[in-house]
Amino acid sequence: MLLLLGLCLGLSQCVGSQEEAQSWGHSSEQDGLRVPRQVRLLQRLKTKPLMTEFSVKSTIISRYAFTTVSCRMLNRASEDQDVEFQMQIPAAAFITNFTMLIGEKVYQGEITEREKKSGDRVKEKRNKTTEENGEKGTEIFRASAVIPSKDKAAFFLSYEELLQRRLGKYEHSISVRPQQLSGRLSVDVNILESAGIASLEVLPLRNSRQRGSGRGEDDSGPPPSTVINQNETFANIIFKPTVVQQARIAQNGILGDFIIRYDVNREQSIGDIQVLNGYFVHYFAPKDLPPLPKNVVFVLDSSASMVGTKLRQTKDALFTILHDLRPQDHFSIIGFSNRIKVWKDHFDISHSRQHQGWQSVHSPYVAHWRHRHQRGLAEGHQAPQQVRGPQWHWRPERVPHCLPDGWEAHGRGDAHPQDPQQHPRGRPRPSLHLHIGIGNDVDFRLLEKLSLENCGLTRRVHEEEDAGSQLIGFYDEIRTPLLSDIRIDYPPSSVVQATKTLFPNYFNGSEIIIAGKLVDRKLDHLHVEVTASNSKKFVIPKTDVPVGPQKAGKDVTGSPRPGGDGERNPNHIERLWSYLTTKELLSSWLQSDDEPEKERLRQRAQALAVSYRFLTPFTSMKLRGPVPRTDGLKEAHGMSAAMGPEPVVQSVRGAGTQPGPLLKKPYQPRIKISKTSVDGDPHFVVDFPLSKLTVCFNIDGQPGDILRLVSDHMDSGVTVNGELIGAPPNGHKKQRTYFRTITILINKPERSYLEITPSRVILDGGDRLVLPCNQSVVVGSRGLEVSVSANANVTVTIQGSIAFVIPIHLYKKPAPFQRHHLGFYIANSEGLSSNCHGLLGQFLNQDARLTEDPAGPSQNLTHSLLLQVGEGPEAVLTVKGRQVPVVWKQRKIYNGEEQIDCWFARNNAAKLIDGEYKDYLASHPFDTGMTLGRGMSREL
């Protein structure tokens, strides 16, 4: 499947290059004009954007992987240049975020619903791109942009994936293909498994798309520069090759796949159950069980399209598989071209009984197989050129089917094949079908639908690859069935919204995963009952699993990443549950033939994907406008519009192109900055929008004082404190203070805090994350977004309804009375409650009125004189019934970018604020108590 996101920034790409190419072919153009153009073109090719950094950070916790890819580019040319970011990701993964930084503009991805009407068109395009460009088991993400001359760009891609256990190992693959050598290239993988890590290996870099058979694979060790640190439950793997080491691997920058395989410890019991914040996951993978007998039918395309290498490789693989069959196993081979032929098996005399048993199912099985594929072609493929001759004589696309199951078959039942519960004891059960498509023109969507209808698996083999070894590898995954008809039950009073609990087969080396919600978060024990068939006997183990007290979730990703819409939920088990549920809804939608049912499944899958920020066939990604820097804050007031290109986004999983012009267009800022703020030494400004009044005041605090700026701990859960620092000694004659630290505490939905200084941002939501302020980055953690614009400002967005902007004021050569310091602006207060308090928070929902008219006609001379010193006439302001004397002043905000008129309240805002200045002093930066307002008790 091709994963494509086209982001067209700026004017039409390569216009100049196209014109030059046309001019070269013009016979009337003089040779003297051609040479300079050719030289210029060669220079452009030589000075293509330089990739300064390519890094991948992945965190795997309990099989669930969070991965963030960061790529930074530099345009060294004297003109704008096109650049493309390309990344291969696992086909099973969901993209959760994409962010671009072009120059100083930040474009943030947003997952939205996809319009249903474009589904048919998109489906065709998706199939085409998948077949032509898609890697086996991977999707390709592409994003293009235009980098201004001498400027930088950065791309951040985040995706999530649940690792599947195959052949006794979990495999985590990271594509390292930056397309050029990079001075800073790194892959950092953290693995956290509470059950304990039983084995861990890093494979050599793999540049082939094939998975391999797992038999006798290369064991030459990890790539050079790989460092592995491991203990019982945690492992850290770092791959950080130098430019020389990269060049030895591949001079074109296509290093290959960095692959980690590991397994965990298991107890011989009901399985491993983990619980966190009301969600649970159950890993079930028993071992040391006797294998079940299996019946294998190979359905092979014997038409002319298979003649040659593909047929030879397939035959070699089948002979290898036949030698692997156990004495109790049965097999048959069915070939088809324009007719169907059944080859009877030729076991030795000891297998004659099994041979006779198989003969009884040949005819009905062939009929069932033919009917299934005819219906699949009619519904999923609809390609008339693939139907030849009579109605049931058809030619599929080079598709060999390997069809094993875990039961003895003595006929075919009428029950629906994918529901094992519809096959009671003693009744024949359906086969498990392994559908393998060989070639680049396989209709993979058809195979997926057939697999879902028959509880099967689907695999792809490309023509240029070693099909034989891959066929053996696919067979190895299902060669040893241990259980059948597995059903896992939990008490309905304890568990709701569980994922699939019925499974037709369990194979050695695989794993069954179930996730769901707990009704009672304080549950001590969870009753689990497993019903399964093992070699003609039904096994029913029951037990009460202790779940213990549940701890608060942690942000396990621990890496700087774009996001901020909560897509990286600290509760990894909740994310795992949403991932599995979405996958099952998509599979049910693909399998269903009932239109009302398909629409219901589509709506459920779409709603869940939007809620958890998953990019699926039913959702698309759009880019929000750029986040303004401090030096561009005036744009929010309409003084100047930021001219930027409107990106055109194509859904990565098949959504149509979003409408939008390619020409430049003014952007609406994502956040409209209000005047309610505190900055400088420290100067407070509060807005009363209902009265169209702006009031300002100063607080003359002492160095070390911690001021309560916003206090809404009891309602929205947000508290903001600011710590003062004094001017250097022997400086200005007046004592000056500035904010050196802004602390933001969030109590809902999870407790976390931010500590911001002019040099760094510390984010602690369970795991500690330190961001330098001299680098632009966007990170997020369940409803909290932190956007750092290098040496300019920090924007904090909480639950999408609260936003703060903290400007960073740095001085190259500070005067004696200057210090590096911070400001604080309330950009969005919608999510703060009416009970919000603090030096700034108390004014967010209040009104004020001016009770005396300033500067009457007889006061014009006095007014003019006062204007010369920056002050105007006095008046009386009424706030909360209190009379506050104020004087008209002019004050600069936004680091001097804008000058405002305000009414100034003297004496530390006496009578303007509730209580006194000392009532707003916090005992420490993380104090959430308040002596004023509704929260009278002080909480430490």
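From the backbone N, Cα and C atoms, a Cβ is placed for every residue, glycine too.
According to Swiss-Prot, the signal peptide annotation covers 1-16.
Summarising the annotation, Swiss-Prot assigns domain 'VIT' to 35-161 and lists sequence analysis as the type of evidence.
Under the three-state DSSP scheme, N97 (N-linked glycosylation site) falls in the strand class. With a 10 A radius on its CB, N97 (N-linked glycosylation site) counts 26 other CB atoms from all the protein chains. Taken from Swiss-Prot, the feature N-linked glycosylation site covers N97 (among others), and the record attributes it to sequence analysis.
According to Swiss-Prot, the feature region 'Disordered' maps to 117-136 (among others).
As annotated by Swiss-Prot, N-linked glycosylation site applies to N127 (among others).
Under the heading region 'Disordered', Swiss-Prot lists 208-227 (among others).
Look at Swiss-Prot and you will find N231 (among others) tagged as N-linked glycosylation site, backed by sequence analysis. Following the DSSP three-state reduction, the secondary structure of N231 (N-linked glycosylation site) is coil.
Taken from Swiss-Prot, the feature domain 'VWFA' applies to 295-478.
Swiss-Prot lists 405-432 (among others) with the feature region 'Disordered'.
Look at Swiss-Prot and you will find 407-417 tagged as compositional bias 'Basic and acidic residues'.
For N508 (among others), the entry in Swiss-Prot reads N-linked glycosylation site, with the evidence type sequence analysis. Counting Cβ atoms from all protein chains shown, N508 (N-linked glycosylation site) has 20 others lying within 10 Å of its own Cβ. A coil conformation is recorded for N508 (N-linked glycosylation site) in the three-state DSSP classification, outside any helix or strand.
Swiss-Prot lists 541-571 (among others) with the feature region 'Disordered'.
According to Swiss-Prot, the feature N-linked glycosylation site maps to N774 (among others). Within the same chain, residues at least six positions away from N774 (N-linked glycosylation site) with a Cβ under 8 Å of its Cβ are S759, A790, N791.
The annotation N-linked glycosylation site is assigned in Swiss-Prot to N793 (among others) on the grounds of sequence analysis. The secondary structure of N793 (N-linked glycosylation site), as reduced to three states from DSSP, is extended strand. In this view, N793 (N-linked glycosylation site) is surrounded by 25 other Cβ atoms within 10 Å of its Cβ, with every protein chain counted.
Positions annotated as N-linked glycosylation site by Swiss-Prot, on the basis of sequence analysis: N860 (among others).
Neighbour count (other Cβ atoms within 10 Å of the Cβ, all protein chains): 9 for N231 (N-linked glycosylation site).
Taking the C-alpha positions, the distance from N508 (N-linked glycosylation site) to N231 (N-linked glycosylation site) comes to 27 Å. For the pair N793 (N-linked glycosylation site) and N97 (N-linked glycosylation site), the Cα-Cα distance reads 22 Å. Across the structure, N97 (N-linked glycosylation site) and N231 (N-linked glycosylation site) are spaced 32 Å apart at their Cα atoms.
Mapped onto three states, the DSSP output places N774 (N-linked glycosylation site) in coil.
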